[in-house]
Amino acid sequence: MFQALKESKDFLNLTLAHPQHIDETCSFSVGDHTQVEVWDTGVIVFEPKVNQAKDIVLSCAVHGNETAPIELCNELVTALLEEKLIAKQRVLFLFGNPAAIINGTRFIDENLNRLFNGAHSSGEGLVNPERIRAKKLEFYVDKFFAGQREERHRIHYDLHTAIRGSKHEKFAIYPYRPGRKFSGEQIMFLEACGIDTVLFHHEPTTTFSYFSSLNYQADAFTIELGKVLPMGQNDMTRFIALKEMLNRLIGNDPLELSAFDVNKVNLYQVCRAINKEFDDFEFTFTNDVENFTSFPEGYILAKEGGNNIKVEHKVEAIVFPNAKVPVGQRTVLCLKPATTENIDLGN
């Protein structure tokens with residue numbers, strides 16, 4: 001099994017051949033510089049023999065039909081195995097939901113990105129593949145981060161694509177960070193990747209990026225890289241800047257980041273999440289409305305249970321509208337312009 005990986009250098013192929021689990025782990029060297037370990041299906045670690053200061057997690061396929069990040073991560077893994085890219089920082093790649101990749105669907109039974117921070121074991125417990133996988137992914141992130149000194153720089157980029165189009169093609173969600181400022185340097189790293197829009201979340205969630213931010217104080221982001229497309233139909237030239245910056249990060253090459261400049265980025269503050277309370281929940285706007293579409297104060301965004309849900313601020317933009325979620329889950333995030341007061345500008 002692992003001999004095939006060493007010959008083909010195609011980790012995605014190995015992952016999809018064993019979508020549920022791999023019975024045995026393996027470890028091998030690439031050249032005289034990197035130790036490689038496969039911990040499970042879709043879980044591979046590159047450990048430089050001369051260790052540096054960063055621990056990097058790159059995750060994709062938390063939703064199985066979000067294919068551009070899957071292709072990007074597999075290209076990076078292949079480059080590392082072929083020694084076209086040499087790891088100078090520790091890096092863990094996670095292909096989140098292999099069964100859903102094969103199925104070409106967002107998930108099999110349940111949205112994996114609503115099952116972290118222990119949500120996998122709440123309620124009915126570990127009753128489906130996504131809940132079991134969420135618990136395993138938490139374990140692998142813990143194994144990767146916890147064995148290192150806390151002063152190391154921990155990073156987690158959870159890569160996605162969105163269901164609908166967006167006025168800002170690429171954007172990132174910066175998880176809630178009580179008592180910690182947001183990193184201006186990380187925002188400018190994202191800008192150099194071609195991701196010029198950042199949303200600051202306002203509350204705890206059960207997402208993968210918040211798990212790493214909360215438990216390991218990682219600079220963690222949920223990163224949206226455009227719209228969902230079938231495997232092989234992504235225009236990978238749209239990710240040249242992102243791939244180049246990830247190559248530099250992993251290879252410990254100079255990042256050459258600009259100083260923080262608010263004029264180069266679009267910053268939004270999440271002001272509320274609207275959860276579905278009744279089965280009759282419906283939006284008033286059409287299904288083709290793009291992410292970051294703005295609505296004026298008083299505008300009726302949605303209706304449910306005989307009540308109108310209105311825009312509360314002077315202007316609110318919306319992201320991730322989805323009326324089809326189960327009762328109790330989030331239907332949309334509402335945004336307002338953000339200030340820089342809670343950003344560490346590095347001055």
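Glycine is treated like the rest: Cβ placed from N, Cα and C.
Binding of Zn(2+) is annotated in Swiss-Prot for H63, E66; the matching candidate from H120, H153, H156, H160 at the same site is H160. For the Zn(2+) site, the Cβ centre of H63, E66, H160 serves as reference, and the other residues of the chain with Cβ at most 8 Å from it are C60, A61, V62, G64, N65, P69, R106, N113, L159, T161, A162, V228.
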